[in-house]
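Take a look at the structure below.
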Amino acid sequence: MADRTAPNCHLRLEWVYGYRGHQCRNNLYYTAAKEIVYFVAGVGVVYNTREHKQKFYLGHNDDIISLALHPERVLVATGQVGKEPYICVWDSYTVQTVSILKDVHTHGVACLAFDLEGQCLVSVGLDSKNTICVWDWRRGKVLAAAPGHTDRIFDISWDLYQPSKLVSCGVKHIKFWSLCGNALTPKRGVFGKTGDLQTILCLACAKDEVTYSGALNGDIYVWKGINLMRTVQGAHGSGIFSMNVCEEGFATGGRDGCVRLWDLNFKPITVIDLRETDQGYKGLSVRSVCWRGDHILVGTQDSEIFEVVVHDRNKPFLIMQGHCEGELWALAVHPTKPLAMTGSDDRSVRIWSLIDHALIARCNMEEPIRCAAVSTDGIHLALGMKDGSFTVLRVRDMTEVVHIKDRKEAIHELKYSPDGAHLAVGSNDNSVDIYGVVQRYKKVGECIGSHSFITHMDWSTDSKYLQTNDGSGRRFFYRMPSGKEVTNREELKLVQWASWTCVLGPEVNGIWPKYSDINDINSVDANFNNQVLVTADDYGLVKLLRYPCIKKGAKSKKYLGHSAHITNARWSHDYQWVITIGGADHSVFQWKFVPERKSKEAAMHIAPQETLADSNSEESDSDQSDVPEMDSEIEQETQLTYRRQVYKEDLPQLKEQCKEKHRTTAMKKRERPPGSGVKLHFIHGYRGYDCRSNLFYTQTGEIVYHVAAIGVVYNRQQNTQRFYMGHDDDILCLAIHPLKDFVATGQVGRDSSIHIWDTETLKPISVLRGFHQLGVCALDFSADGKRLASVGLDDNHTIVLWDWRKGEKLSAMRGSKDKIFVVKINPYLPDKLITAGVKHMKFWHKAGGGLIGRKGNMGKTETMMCAVYGWSEEMVFSGTCTGDICIWRDMFLMKTVKAHDGPVFSVHALEKGFVTGGKDGIVALWDDTFERCLKTYAIKRAVLAPGSKGLLLEDNPSIRAISLGHGHILVGTKNGEILEVDKSGPITLLVQGHMEGEVWGLATHPHLPLCATVSDDKTLRIWDLSPSHCMLAVRKLRKGGRCCCFSPDGKALAVGLNDGSFLIVNADTLEDLVSFHHRKDIISDIRFSPGAGKYLAVASGDTFVDIYNVMSSKRVGVCKGCLNYITHLDWDKRGKLLQVNTVRSPEVTAACLSNDRKVLATGDDLGYVKLFRYPVKGKYAKFKRYVAHSTHVTNVRWTHDDSLLVTVGGGDTCLMIWAHEPEGHREIKQCDSEESDIESEDDGGYDSDVTRENEINYTIKALSTNMRPMTGVKPHLQLKEPSVDERTLVLDLVFGYRGNDCRNNVHYLNEGAEIIYHTASVGIVLNLTTFCQSFYVEHSDDILCLTINQHPKFPNVVATGQVGDTGDMSATSPSIHLWDAMTKQTLSVLRCFHSGGVCSVSFSATGKLLLSVGLDPEHTVTIWKWQEGAKVASRIGHTQRIFVAEFRPDSDTHFVSVGIKHVRFWTLAGRALLSKKGVLSSIEDARMQTMLSVAFGANNLTFTGTISGDVCVWKEHILVRIVAKAHTGPVFTMYTTLRDGLIVTGGKERPSKEGGALKLWDQELKRCRAFRLETGQVIDCVRSVCRGKGKILVGTRNAEIIEVGEKNAACNILVNGHMDGPIWGLGTHPSRDVFLSAAEDGTVRLWDIPEKKMLNKVNLGHPARTINYSPEGDMVAIGMKNGEFIILLVASLKIWGKKRDRRSPIQDIRFSPNSRFLAVGSTESAVDFYDLTLGPQLNRINCCRDIPSFVMQMDFSADSAYVQISTGAYKRLVYEVPSGKQVTEQIHIDRITWATWTSVLGDEVVGIWSRNTDKADVTCACVSHSGLNIVTGDDFGMVKLFDFPCPEKFAKHKRFLGHSAHLTNVRFINGDRFVVSAGGDDRSLFVWRCVHAPH
């Protein structure tokens, strides 16, 4: 009976009792078919109340916790919990999956909602950030994601009246979201004074921006926009859990057990109190309501579902019941009737009818119930309780018979004896008590002996024995009824057991997996009649096994449904059903048992459900014990892991680490790279030993295959090869496009990539990455060529379906635990595919972002090696490892045909039949049904045609690949041969290489183009290196070899073997001349002495070198003294000395010097071949490197004339031949080398402006800290919400432009009528005729870059990128806004992962793509489809700062990035970014400098401007010339004119006669014309240029924007600004609308508001800090940073007087209102008074003492008698003028009237300090002339407007954004018509118009 296979019968889920009401809400709905959809445990249930039937959706693998109904009410979305939870969208009618959404959320999916059209689905995760994600659910694609809230979110809903708006609510918050691009932007709901801030549990959206929400206290909160408008008090007695909207209105349900209906305006219609109805009870709590027409569905906390008919609302129908919350453990079945009894921790016992599927009785007990049993006559029901007591009830009327408490701990198991006389009660007190039933349950015995709690027990059929299991996993037997333990096991041999529910014992050994000692199986029950066993475990699996199952690890059928632990499972009395109960999900599942004979009939017309239930019996029937042993070849292959010690991806980091070390050695001059290069010429090798079906004919009849990391295209007519070298590690699989022009190849790698490339041009068309770990092992194109399927080598063998041209992943799924060998897409239905591999065959179909797979139904599972679709969509043919062909229809195996001896490795479909190839070396042609074999071809030496390029190593080699075309059959073998079989029989050998095993030995012939190789595959081979490229001779050796060497005359060849022997053979015939065996370890190198070759040195792994005399064949010497394994030997010229290397550096494995002694070639462990200039002296010389071998290169040799370099690869078994291209003949077609990588130590040049730009730290405003280091306690702390005020400000003018650290940010719009630029966080459009400005103000932080879309389809589309902190997609993440420059409408917002900010943006030629570069440490480069907000591709850009990246003006796929010592040429291939470094070596002494700007010319020319003023000209990625000193300083900006191709450059330069900082060049940068900018600066520094019609627009470092006429070179300054900030001082004119500003740049400027321009500027030569007009407006006082102050006469700008009495900055300076005194406040904690009537010598008359800290602001009283001072200690002081005495009496101070108020301190202004000023301060303030308002500026860059005075804390205000962090000053202009604010960081002046807003 040791049958370990799974039983043939199965279970089908028939009914689920219960509904999940706990911890879930809004999860019960009517579908369009009027069925009810809800969920229980891990099952979606569709319940038809009319027919009382249930359907089940079983696509989840853990508890479902959320559900949403599609607006058309057929589709349902459900979300689950788990480590990698997913969302399923499924059809409620067929209960089949439509789409799977995965890979975003962790922990669980808490809420779901569809939008109005049903196109988008929003989900909320249970992770710590409560991530919100919006999906295009049909495609399984994420449209947007953002952190939702710091606390739990309970509900989310789309606004059904406004597109792309959502509302979410939860713990103490409600948020209103808008979706734009890929950005979800929240606004928090403002509770204000209308209601308390509290937790919101549910919501519903109505029209006109109204949202209704249910709160925790039972109120309904009504929102308009984001503000709370009103509340409906006491709508429910307590929390409102659910709100449902329908055509008639709203329904709400609450914790108070009531359902309320409301009309569409939220007026109450009616109340239904379920507690008061017949079925109601106290404590009923409503969790879900659904109102449709006249029916209302109500789901309760305690797992009931009520249906209420509106017109008869006092009689709700109870349509579903289940146990309430609490573990469910007790289960018993009635011995004669179809009844099941359950008891739970909710203290109820319930009886269920298995026929009617209904609850027929329930009774509540005092204690939680843990187990139950029914007496054999069915009269008594015994219940074991958690407190150690047990109760017996009469089943008939549930009345109590007895209640006995003999134990303190829970009763876990009780059972009646079969004769009905006794009841055995097992408790957690480790004992079993026996009670006599007839003696009114008197205790008659006790079983002691167990050391742990009792878990299971069974009686024998004669009631004489009891067996028990306990918690420690031991089994005991007792005699009944006495309870004595049976120690002699002999007497138990014949015992028959009445039931088997124990988990221990030989009969149930098989329920435990092999080698495990776990106790996770909770319950077992045997069905003796059908010999099956059902088990229930902690993982929610129900399993069917054969009974008895004796061997461990028996196979089972598995059924999911319960998600967490199942506590019990029992067969019904007649074995028709299995009942299982879930612990945590407290649900009861009823499964129908389908015995064997039925299941056969059922299989043919199974309802879709059952196949699903069966498909959920994952891995159940894999690896059965009776599967035939695996073929050795396949065994070998399944064990390959392809893991690498070092992945190529790690190189940059490794390099960075070693760079640090090298800094020290770098002082020596590094050697230049060699002048000559090599180019791959031919490869001997084909990867057949572990790959299959990887050989095809292309369109043109060439042959494509792969070896090592190279895709090879072989032309058999010319015997030449061309190579695709885009991979950087072993290629493992290859598939050809149906049109035979493109090929897909997949490689090994940590994040392994798939390349789709063109076999003609050898260029990549698309690269797919980011999904497969370790490697890609199988690929297939769809018949239409649009899709590609791939399989990964990760543990789950993930399958991905791609739209390969776009590079998009369409779907992905875990494939199987076992290795998958092949994937094929159905040629007729591209949504279906098959995978085949070790012990499985699976049939898949696409569902949204996932795939659903089902196992093929075959009796015993075989390993499939190949598969192919047949002539119709349901026919599949697969080849097995035993040589059979299986023929499938849909998922069913129809029949098998014997095809080969040994595995069938390859099968190929033809128009009218098939061709197969196997391990037996036979190619067979079959008809289209596999009825007859039409022809066979054996691969033998005898039939080899004369034109063959080599020799067949053995007859009948194992065939791994077959392909047909051009009248031939192409065959690839395991031995690395490629053969072409003519239909008539002859066979031609085309390519061959070594077989599996490392190749180490390589020798080149001393005077012929030959080489010899020896390998671990036990062969020695001679290859012809001349154009015939073939293997000339081969000899089998008895052992593998590691080294070989030709004698100097070329006649003999010495070979060292792995067993310590070596032989010398004749070089022509390969026959033995002599052999020796002196050593035990591997012979690692062997060398003839030069000259006559008299001696032979043989080095071995035992650390010796033996010297032999060749002529006498004797050992003549031994070299000792090596401490380690010897790797290399070299003789000196005369043959006297020997140089030996032992194992040292692991990296370089081989080296060889060319015969002309100029170039040293090396091979290393990473697969690189490198060329160095010889001799290689200084450390870290520069080199050229070539990638082709995938793993280590084991040997390199030059041929005798240096024309070829020959290399062999270890793991990749190939011999590569490289053509040597000496220095002289250098075609422009550059070799595929990469430059050496440790960057040139020569720095890239220095310039202060560049350094500034590179080092600027862009902090975001929200994190800003105080600008002035104040100390003390801040004037605020307590709670109130802000609200609204009548006066408001509108941005009217901005003076400023961000030119000093941003570039390329000034552009023409509308044919030059307007210009666009930016400063702070504002985008500015300036009309050049009216000089009016308009603003884009949606950015939340500073703009760093700006570009415009030049494609006519997107006129006036602007992209601006801003600063941000982390790239976590929250509101403070960096983002790019796309907007219309005319309407200022936002078109799209792209949130990016560029932490830090976005520093460059560029549109592609078609205008549809946008390229962005980040300031993150990796300087990520990203490409977006900006209209959809979709990220197309992203890649790490460079380790150091990238300044600019721009698309080529004619391309959507090519762009160039430049930065610190960096220029890279990028290509977008599908979704991957490929890049090449610029190659400099083509020009002598060119070195990599810091590149600053880029422009483009025709024919793939690129121009880059450098820090030294040169411009580099590149053709593709190769430097072709240098335009020396195009500017004298750095070339900061370049602009390519699209119309005529002319190029404008701008740089840093002193104006001179010949040159200027602006130049216009021809298309090739040969001739130029310079322009002078008449700015009067010593050095002009141009940061931005743009060219319009006849005009050039220039932005300078000095914040000017200038328009230059091309014809007359006339300059017109359009925009002025301060060049360096902060701007500290503002002075407003007493009577006109003009004002002065004073800044750190040493200038004072006069601005005119009506004229919108700068009228004048004065250069002071020192940074200025403060400025003030005299009361008449005729004088101006200026305070300087060095402590000096100056008084100017306004009319003449002449200095009236100046004085320096202080050494530190003057912070404020003031004229007294009577013009008599001047007060000067400084950082030296002092205020000095000067009397102006005494004339311009300005002697100090007094000063104020005892000021605790620096002076910030000063104000005079109206009568000029007092001055108030605010200080850095958060204190405000008042002094007398001019005596300088402090005034301390508060009464006195309160009487003073102030002429101005600019203080941020004082009781009158406590309200201006906000709650979040703990890190940063309010820096400036100003009261209006009318005295009604105060405007403030703070460190967060906000301008705020308050009422004055504002003595209450946290006063209400309006806030205005636009400035960067740190406002330095703010002032009302006379007449209060304008407010001016000055920015610290942004060096800009904002002028705000004051407007009276309607209230």
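Cβ coordinates are placed from backbone N, Cα and C, and glycine is handled just like the others.
Curation does not apply to TrEMBL; its annotations are automatic.
Annotation comment: TrEMBL describes 616-635, 1233-1246 as compositional bias 'Acidic residues'. Annotation comment: TrEMBL describes 53-307, 720-980, 1333-1603 as domain 'EML-like first beta-propeller'. As annotated by TrEMBL, domain 'EML-like second beta-propeller' applies to 328-592, 999-1142, 1147-1219, 1623-1890. The region 'Disordered' annotation in TrEMBL covers 608-635, 1229-1249. Summarising the annotation, TrEMBL assigns repeat 'WD' to 233-265, 330-354, 404-435, 897-927, 1186-1218, 1629-1657.
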**Prompt:** Which range out of 53-307, 720-980, 999-1142, 1147-1219 gives the domain 'EML-like second beta-propeller' (328-592) the most CB pairs under 8 Å?
**Reply:** 53-307
**Prompt:** In the repeat 'WD' (330-354), how many residues does DSSP call helix, how many strand, and how many coil?
**Reply:** 0 helix, 16 strand, 9 coil
**Item:** Top Cβ-contact partner of the domain 'EML-like first beta-propeller' (1333-1603) among 53-307, 720-980, 999-1142, 1147-1219, 1623-1890 (pairs under 8 Å)
**Value:** 53-307
**Asked** What counts of helix, strand and coil residues does DSSP assign across the repeat 'WD' (897-927)?
**Response** 0 helix, 20 strand, 11 coil
**Prompt:** Can you tell me the mean pLDDT for the repeat 'WD' (404-435)?
**Reply:** 90
**Beyond the flanks of the repeat 'WD' (1629-1657) by 6 or more, those residues with Cβ under 8 Å of it** = 1292-1293, 1295, 1331-1333, 1616, 1618-1623, 1663-1667, 1669, 1671-1673, 1676, 1678, 1681, 1693, 1867, 1869-1871, 1873-1874, 1876, 1878, 1883, 1885, 1887
**Item:** DSSP-assigned states of the domain 'EML-like second beta-propeller' (1147-1219) in counts, ordered helix, strand, coil
**Value:** 0 helix, 39 strand, 34 coil
**Request:** Please spell out the DSSP helix, strand and coil residue counts for the repeat 'WD' (1629-1657).
**Result:** 0 helix, 17 strand, 12 coil
